[in-house]
Amino acid sequence: MSRPQFDPAAYAAQLEDKKARLAGLLAPFAAPAPEVFESPREHYRLRAEFRLWRETGNENRHYAMFEQGDKHTPILIEDFPIASRRINELMPRLKDAWAEPALGFKLFQVEFLTTLAGDALITLCYHRPIDAAWQQAAEALAAELGVSLVGRSRGKRIVVGRDYVEEELLVAGRRFRYRQPEGAFTQPNGEVNQKMLGWAYEALGEREDDLLELYCGNGNFTLPLATRVRKVLATEISKSSVNAALANLADNAVDNVSLVRLSAEELTQALNEVRPFRRLADIDLKSYAFGSVFVDPPRAGMDPDTCELTRRFERILYISCNPETLAQNIAQLHDTHRISRCALFDQFPYTHHMESGVLLERR
């Protein structure tokens, strides 16, 4: 993780540049002007990861970050204004704690995971085996800080408390509860994520047919979108994300979602009846009347076959973390679908990265 150039005074201009960039990429497809959802200027990032750096000639260690491609010139961090207030409050207290050998010896990396709801988990990574002495010290520290702790060393993982944090997000007047596991992907900007969920909920609209969701992760979008349709079939390949999504569905009493651990390629084969899958043994695909598909793919976007799969739906709701691959995918779909809505979500202030969304509807 490299440190963004934090400059609140430049935020508005940087956001305008992103808006212009997205509009330019989507201009060939006659897209409407993007709806823009701003980020808080500071304390917006709910996750942070730091290496530890020892000063030459003494035992002092600091939180450190590095510019991309340079692992030898540390940027020493005393506070981190883009991170949540909870992370900033925990950083000096943890730094005091690692003076104890049981916690600090050969500690080389620290990862913070927090939520808008105030929960926190800290992962401590070591170049040595962790043992009962570590666990005893970690239990005392977790109680003192009011957090869960996870210790990691080669081949070993010890959890003190829980290995996930609990989040609450408000979408269309309803609070959804999420378990967000340590080590799994979660949206880093909680406030913007909440806005993104609200936009997707509104863009999909109230439907009497069914929704297919690809790349569902921990169910971030699944929970609110499930309230807009008759049934959802959601797919995900990460086992930890599938387990988190199942727990989140149960915690929120959402009972119209079937979740299967299949890749997009495998699902395409199943829908085309190329071959059967044991993981679909309890699911009758012919019972679904799919009208919409929701996709939130990785930075590489959808592969051509998955793009062709989405073409068969009346509505394609697409959230993207890479506007270039979004534009490439839209180019493949443009002959059958038009962009009726698009949005820019500023998940990553002070960087060139952006999250965007489009609703494509059949011509």
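Note that the numbers count up from 1, one per residue, in the order the chain is shown.
Note that Cβ sites are derived from N, Cα and C of the backbone, with glycine treated the same way.
Look at TYR215 (S-adenosyl-L-methionine binding site): DSSP puts it in coil. Counted within 10 Å of its Cβ, the other Cβ atoms near TYR215 (S-adenosyl-L-methionine binding site) come to 21, all protein chains included. What Swiss-Prot lists as S-adenosyl-L-methionine binding site is GLN187, TYR215, ASN220, GLU236, ASP296, and the listing cites sequence analysis.
Secondary structure at CYS321 (active site, nucleophile), taken from DSSP and collapsed to helix, strand or coil, is coil. Residues near CYS321 (active site, nucleophile) in space but far in sequence (CB under 8 A, at least 6 apart, same chain), listed by position: PRO298, ARG299, GLN347, HIS353, GLU355. Marked as active site, nucleophile by Swiss-Prot on the basis of sequence analysis: CYS321.
The feature active site, proton acceptor is assigned by Swiss-Prot to GLU355.
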S-adenosyl-L-methionine site shell beyond GLN187, TYR215, ASN220, GLU236, ASP296, criterion: Cβ within 8 Å of Cβ centroid: PHE185, CYS216, GLY217, ASN218, GLY219, PHE221, SER241, ILE319
